[in-house]
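To start, the structure itself, in structure tokens.
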Amino acid sequence: MQVKICFNQSRQNNTLVSSTSLSRLKSLRLVLVIPQFTFQCSSSQPATTSSLRSTAKKMFNPRLIAKKLVAREQGEGAGARVHRSIGTTRLRNLDPFLMLDEFNVGLPGGFPDHPHRGFETVTYVLPTSKGHMCHEDFLGNKGELRPGDLQWMTPGKGIMHAEMPKSEVPAHGLQLWINLPSKSRMVEPKYQEISRDTVPHAFNDDKSIEAIVFAGEVFGKRGPIETVAPVTYVHFMLQKGAKLEYPIPESHHVFVYAVSGTGKCVEHSIEPHEAIVLEMKGDGALLQADDNESLEVIVMTGQPLEESVVQYGPFVMSTEDEIRQTFEDFQLAKNGFENAHSWASEIGNRRR
């Protein structure tokens, strides 16, 4: 191995010496360059190859942007408006993600009684929300999502439920739909509800970046959500000028959604209601807040299921025959929808 020693005088700048000659050199500034690695040391002690190698740090190779889009506002539910990014003509889905809506709704608007089958829903009321969301289903489950709370619901073989704001004060949050493997579509319904008081908050070394970790691991903190397929869900808050290098499994699709503030994803600007899909190649997501404004984003990653999916309204199955069977089950109140027609939520009546 040869090392290039750079002197500050004469033509010795171009001298090449073997590593065995280094012991005779004192008080030099040494720069050793190997692809993807850079070492610098300034010492009166002999520099050795082994000591340099121990300080090696692999350069972060960010994923580039594959697609950037603006979430379009549209009507949804009863008198509610949402900004939809995944689940539009510009981005039908991003395996395993099927839909992403940002809502900001108060009574009388909301999402009264409706069914689901075959996938998962993730409802997150943002910490800055002024209002709360209430939920209720035909199995007797009911509760309230405060600012900072998250509900991860698996409808499985069937659920009938309602999601309504608690009052006229708008509840601001996100709802994500995640596909399930075909073998898991008809499981029993279940909930994972994560309180703002118990969800892990992680920080980088200088506290310029805060991460609320619901699923996955960031800065040594792991989220509490148990996912069927490998999925991560993290809310990042970057202070002014902060820079985040977020490693992501190479097999995962990556989706970045801007909640507030301004900044950059790789070298592209990002602001509220904008969504970015990253390429598969690279170490992960590179995000930076502007120097004069903070930045908040939700980063979602997931292992593609690579299975067929047929989505029709609130139902997601693997084949058209399964969708037809689901409609029949719902209409005849069977196979998971036994009391769908006789049940009516209490919170759904708030809008009337």
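Using the three backbone atoms N, Cα and C, a Cβ is placed for every residue, glycine included.
According to TrEMBL, the protein has these features:
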type	residues	note
DOMAIN	80-178	domain 'Pirin N-terminal'
BINDING	His114, His116, His161, Glu163	Fe cation binding site
DOMAIN	233-335	domain 'Pirin C-terminal'
Residues close to Fe cation site centre defined by His114, His116, His161, Glu163, Cβ within 8 Å: Phe111, Asp113, Pro115, Thr121, His135, Asp137, Pro155, Ile159, Met160, Ala162, Pro314
Sparsest-packed of the listed binding-site residues (His114, His116, His161) - C-beta count within 10 angstroms: His114
For Glu163 (Fe cation binding site): intrachain residues, at least 6 apart, with Cβ closer than 8 Å: Gly110, Phe111, Thr123, Met133, Cys134, His135
Counts of helix, strand and coil residues, the domain 'Pirin C-terminal' (233-335), according to DSSP: 12 helix, 51 strand, 40 coil
